[in-house]
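Taken verbatim from TrEMBL:
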type    : residues                                         : note
BINDING : Gly32, Ala33, Gly34, Lys35, Ser36, Val37, Arg138 : ATP binding site
BINDING : Ser36                                            : Mg(2+) binding site
BINDING : Asp54, Arg78, Gly100, Arg157                     : substrate binding site
Amino acid sequence: MNEALTVASQTLAEQARAALGQRNLIFVGLMGAGKSVIGRLVAQMLGVPFLDTDGEIERVSRMSITELFNAYGETEFRALETRVIERLLKQGPRVISTGGGAFINESTRGQIKTGGVSVWLKADLDVLWERVNRRDHRPLLKTANPKQSLENLMTQRYPIYAEADLTVLSENVRKEIVANDVLKAVAGLAKEGEKQ
Ligand SMILES: Nc1ncnc2c1ncn2[C@@H]1O[C@H](COP(=O)(O)OP(=O)(O)OP(=O)(O)O)[C@@H](O)[C@H]1O
Ligand SMILES: O=C(O)C1=C[C@@H](O)[C@@H](O)[C@H](O)C1
Ligand SMILES: [Mg+2]
C-alpha cells in the first residue's frame, strides 16, 4: 500500500471501527469474489479478529470442503455450515468471511442478518472466472462447463446476495483498494444513522 493510501485508510479504519461497534462484519458473495482475502485484510485494518467459515468447517471436521461434499453431500455440508456460522456470530466484533452458498441458505441468511452487518462483494463473471479458474478445489464447479455453472449460480444467487446490508464492487483492482471501499461503506453506516 502506498503511504498516502495508508494514512487515509487509517483514519477511515477508525471511522469504520466506530460505526461497527460490537457488531460482526460478515462477507457474502460468490466463489472468487474475494471474501477470504479481502475479509482478512479488512479485519487487520479494523483490528478485530478474522474468521473464515470454510476454514472453520475444515478445522472442526478435519476434512477438506471437497472431502465433505464427497462423503456427506451438499445438504450435510450446509447443515454443518449453519451450525458453525451460528457459533461464530455469537461473539462480536469479528470479521467473518462465509462460503459462497452460506447466505443463500435461508436459515443461515437469517442468522447473518441478525448477527451483524453483511457486505456483498459483487464481481462480474469474467473477474470471478479468472480467479476461480486458477484452482479446481470448488466442488460446485467440478462440472463439464464450470464457467457456465458459475454463470448459473450468478443468475440464481445475485438477487439474494443483494439483500446484504452493503454492496461493494470487487473489480480487477488491488486488494487494498477493495478493502478500502469496504471501510468506506462501513463508515458510511454511521453517517446514515446520523441522518435519521
Ligand atoms: N482484488 C483482487 N485482486 C487480485 N486477486 C484477487 C482479488 N480479490 C481476490 N483475489 C484472488 O482471487 C482468488 C479468490 O479469492 P478468495 O479465495 O478470497 O475468494 P472467496 O470469495 O473467499 O471464494 P470462496 O467462496 O470459494 O471461498 C484468490 O486467489 C485471491 O487472491
Ligand atoms: O458457493 C458455494 O456454494 C460454495 C462456496 C465455497 O466457499 C464453499 O463453501 C463450498 O465450495 C460451496
Ligand atoms: Mg473463501
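Using N, Cα and C of the backbone, Cβ positions are placed for all residues, glycine too.
Since we're looking at a predicted model, the values are computed, not measured.
Positions of TrEMBL features highlighted on the structure.
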residue : record                 : Cβ contacts under 8 Å, 6 or more apart
Gly32   : ATP binding site       : Ala123, Val127, Leu128, Trp129, Arg131, Val132, Leu150
Ala33   : ATP binding site       : Gly100, Leu121, Lys122, Ala123, Leu128, Ser170
Gly34   : ATP binding site       : Leu121, Ala123, Arg131, Ser170, Lys175, Val178
Lys35   : ATP binding site       : Phe27, Val28, Gly29, Asp52, Ser97, Thr98, Gly100, Leu121
Ser36   : ATP binding site       : Asp52, Asp54, Gly55, Ser97
Val37   : ATP binding site       : Lys175
Arg78   : substrate binding site : Gly101, Asn105, Thr108
Arg138  : ATP binding site       : Met31, Ile65, Val132
Revision key, fill the gap. CB neighbours within 10 A of Gly100 (substrate binding site), counting all protein chains shown, number 22
Review point. From Gly34, Lys35, Val37, Arg78, Arg157, which binding-site residues have a C-beta atom under 6 Å away from some atom of ligand 2?
Key: none
Review point. Could you give the maximum C-alpha to C-alpha distance in Å for the residues Asp54, Arg78, Gly100, Arg157 that bind substrate per the record?
Key: 18
Study note, to complete from the structure: Near ligand 3 by the Cβ criterion (under 6 Å), the binding-site residues from Gly32, Ala33, Gly34, Val37, Asp54 are Asp54
